[in-house]
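TrEMBL annotations:
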type: BINDING; residues: 100, 102, 153, 156; note: Zn(2+) binding site
Ligand SMILES: [Zn+2]
């Protein structure tokens, strides 16, 4: 069920908020009175993830938002003061997104969403370790978000640097000195490098996609998530964002 911009959420409880604990409060955006300027900021066709329960519907809403973003028609929903105040009582993000730190890949913008919609974790090259995976799994595990998106991106500097370093290692060459080092990130990307090596197409693009797919599989098996995946309560999707087109494409 899509909830339009004239509706707002009222969340009960703090911290862990199950779907059953969510009550919806309808406000009349056209009813006059104070505080309605905020509701007017949300266009009628803006995505409201609040009422969406299925991962499929949530993913489609995110792809719809991404299309608006790519078309230069983003509406930037859920940035109003009323919603900020309502969210003080609790949060129920509908999706978690795990992506890169790259400044050009801001998930709330890329998917044209707003406050309270997405729980986002970001690391260089969207690589993870036990510490990071606890953050990635928090939204789906503790807040019952039905969708987890692993989002790689075109022209990822971290993956490019890792590819260069690992290729130099294979060739026995001295890695180029860039004045910084990402040894942990390079090591974390080694499986993606090996998975993509020798394949067709651009090797860095292939490594970016391989990293996404390997991360999806690893997260599906994470102790916090495996049972929810098996029960069908959580869907983990892999995707890559194009800086050139602004579009997100699912990979599998
Ligand atoms: Zn990146």
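Placed from the backbone N, Cα and C atoms, the Cβ positions cover glycine too.
On a predicted model such as this, the values are computed, not experimentally measured, just so you know.
Annotation: 156 carries the greatest number of neighbouring Cβ atoms among the binding-site residues 100, 156 [cut-off 10 Å, Cβ to Cβ].
Taking Cβ-Cβ distances under 8 Å and a sequence gap of 6 or more within the same chain, the neighbours of residue 102 (Zn(2+) binding site) are 153, 156, 157. Residue 156 (Zn(2+) binding site) falls outside any helix or strand according to DSSP and counts as coil. Each residue in 99, 101, 104, 105, 125, 126, 152, 154, 155, 157, 158, 159, 208, 241 lies on the same chain as 100, 102, 153, 156 and has a C-beta within 8 Å of the C-beta centroid of that Zn(2+) site, without being one of the site residues. The number of other CB atoms found within 10 A of the CB of residue 153 (Zn(2+) binding site), across every protein chain shown, is 23.
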